[in-house]
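Notes follow once the structure below has been shown.
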């Protein structure tokens, strides 16, 4: 009998599964989840020219940045390059935004550094895999909405703190001192302790590079010719040359400083060089799921997978969320008013990070600075990432011997000149004028990220943000007015400004009770702004109606939404009166007075 029932259950389940699968696996869904199917058939020569130009331009930018970001992550320089080609190519097929240049970013590098805690590339590679896996799973289950809990003030505070931490982490390379640490205060403490070992060559070169980079940035924004009207061919060419010079400034600095490092090298160098970078492409292999072996005190020790996961701790959760936040910021900035599909971006960057983990990379995301260059270079489709990836592959195959002579101070200067503009000072004044509590939230996040590990700081900011939301939900604004009907009957109008849910019900009940007893006149609760309610609110409404009935004080609900009324009526409260027309109020009051008079006569 059980087998028969089991077979019947299978027979019932299979059609249901087929129906669900057929409803999901439609052509529309396929095109949505693999966007390349939508734009590839319409690809033309004009799009190809735009993508090639943009891809090469971004490639010139990403190579020096990748070398520099490896230093932020606490990894050898080649690991940044390893994360700059496969992920960019994977994004071509699944990415929904043409402007996103998938690769290492300053924020992802810093999060990697704070997650792996100096434990080596194996932890970074494993973090990359699980960052991608978490992002992909979030995308499959449509959890992109989670970034909505990171508000603008929290994001600004976090980004500004990250910029200062990154800048601080590069000061040691500008000075040529040894200053380990991952927290802002800790790094500065170690810098001052070792500042007597400052290398004058590194300092002079680093400061000179920062000045040149900032000047080139300003030069790139200069234009000749009328602001309105037609430009001549010379003016267009000159403006484009200035823009290209500014865009390629990082590559120019690296090349020039590399020649300086080479000229000064005679077995040793007065400058601190990045040293040997392995030539060729990385081997294709899975992340260290079985753990890895490391040398401790001249003894080989095996580090199991479980211990590696414990070492990565909260980095596995924070890094994917921040990566999504970076990428969505780019999509919104260049969406031209089109909706942004956070779910698809999660799938795209998740698969890109998973692919990157098989070529020894650390986590990456979309970089806003490179996206701006990508957009201004005229990128037409995500295929621009292919040409960026090809350029990085060529660099790994042919230019790694040259990388040996690049001074660390030059890479530090590139990072400092870039991240200094990430400090969002410009939002302070508008935030102060619009809502001071938001500024408080941003400052708290900023301070928390500076004095605590970064992942803890952002969680503090999100936690405070949620507390603010809960407080506002628990304390709705309620207006109270004493009004008069057309027949000169006074009544009290109480108007909540939002939904009635469990955190706010007791507050609303106490306030209604206090003012109704004090005034002693009929009460009307205006429900025009109440778009939702829960069971707790229904029990409170039932209690309030009973209290008013015991006091023989009229209570009416005005303009209650049918869906909310259904919640309240679920408990079948007595004396629950709803009306939708102001003219009805006089009639309701007269009926209530008549009922009250009859009751008194009976007594």
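The chain as shown is numbered from 1 upward.
Keep in mind that glycine also has a Cβ here, set from the backbone N, Cα and C atoms.
Owing to the predicted nature of the structure, the values given are computational and were not obtained by experimental measurement.
According to TrEMBL:
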type: DOMAIN; residues: 50-442; note: domain 'SLC26A/SulP transporter'
type: TRANSMEM; residues: 52-73; note: transmembrane segment
type: TRANSMEM; residues: 79-97; note: transmembrane segment
type: TRANSMEM; residues: 124-147; note: transmembrane segment
type: TRANSMEM; residues: 200-220; note: transmembrane segment
type: TRANSMEM; residues: 241-265; note: transmembrane segment
type: TRANSMEM; residues: 385-404; note: transmembrane segment
type: TRANSMEM; residues: 410-428; note: transmembrane segment
type: TRANSMEM; residues: 440-471; note: transmembrane segment
type: DOMAIN; residues: 488-575; note: domain 'STAS'
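The DSSP breakdown of the domain 'STAS' (488-575) into helical (H, G, I), extended (E, B) and coil residues amounts to 42 helix, 17 strand, 29 coil. By number of Cβ pairs under 8 Å, the transmembrane segment (410-428) is matched best by 200-220 from the list 124-147, 200-220, 385-404, 440-471. Per-residue confidence over the domain 'STAS' (488-575) averages 87 (mean pLDDT, predicted model).
Just going by CB pairs under 8 A, the stretch in 124-147, 241-265, 385-404 that sits most against the transmembrane segment (52-73) is 385-404.
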